[in-house]
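Okay, structure first, notes after.
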Amino acid sequence: MNPVVVVHGGGASNISKDRKERVRQGIIRAATVGYNILQEGGSAVDAVEGAVTVLEDDPEFNAGCGSVLNVNGEVEMDASIMNGKDLSSGAVSAVRCIANPIKLARLVMEKTPHCFLTDQGAAKFAADMGVPEVPEKQLITERNIKHLEKEKNEKSAQKTDQQKDLGTVGAVALDSEGNVAYATSTGGIVNKMAGRVGDTPCVGSGGYADNHIGAISTTGHGESILKVNLARLALFHIEQGKTVAEAADLSLGYMKSKLKGLGGVILINTAGDWAVKWTSTSMPWAAAKDGKLHSGIDLDDTSITDLP
């Protein structure tokens, strides 16, 4: 198989001009890192973890450093990862004070008999695994402090505009042995209740991977994504014989018509066909395959360059 990696930086209402170039560079960097891992013989799981780690470390994206703040001004992060070879998966939710929740999710997948650890249990497991704690202020950006203030001034949490809170990062990959994987990570939605968990760490909603079908990572309004099991729904359409683009459009269309929920997906099938689709205003994305790097942010904006 020719390896493929696709990454997204979250659905967004609009990305300001001054941030656009930083966002574009970040998403391209993540795809390149993931693709290089595949080119060097790494697995699909290695590639999605590597790509998402780059985005968690980039303050422009709502995951890891750069996560949005909850109602108390704290960072609580969610992440999940899945290996399509044997459907093994790992997830964490409401984790604090670690730089890379996706790495912790992978440890849950590989070092425990469980799929999902939360809050204090996840924190104890991280400590047992030697994952270093980072001070919370290292994860908080000035932009997110302002974002929370603005949100609190504007309206109560119950009436949050779905369009605003769509930030997640994710990756899907197909490796040379035909294995697929996904990884998704987020800081959640701004001004969320403490302990709120969205779709990102939930296998079947925030993502899914199965070597017999393909892999997907989602982004968007978490509560809507959870209600329709967006990830598994899209892969169901692929099982029914739809193309990746049709599967993406059908599943996002269903979520929008049923719930007015907006979002985006990146997906690949077992043949290495890939698609990126969104119903939010924009979604930063990049895809690497056959030595070419495709990327974009807005609907009418795709660039293709040669990979270094």
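Every residue number used here counts from 1 along the chain in the order it is shown.
Note that Cβ sites are derived from N, Cα and C of the backbone, with glycine treated the same way.
Taken from TrEMBL, the feature active site, nucleophile applies to Thr168. Look at TrEMBL and you will find Arg196, Val197, Gly198, Asp199, Thr219, Gly220, His221, Gly222 tagged as substrate binding site.
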Round to a whole number and give the Cα-to-Cα distance in Å for the pair Gly198 (substrate binding site) and the residue listed as 'active site, nucleophile'.
-> 10
Cβ contacts of the residue listed as 'active site, nucleophile' (under 8 Å, same chain, 6 or more positions away) | His8, Gly10, Gly11, Asn62, Ala63, Thr184, Ser185, Thr186, Thr200, Gly206, Thr218, Thr219, Gly220
Most Cβ neighbours within 10 Å, among the binding-site residues Arg196, His221, goes to His221
Near Val197 (substrate binding site), which residues of its own chain have a C-beta under 8 A away, given they sit six or more steps off in sequence?
-> Asp78, Ser93, Ala94, Thr118, Gly188
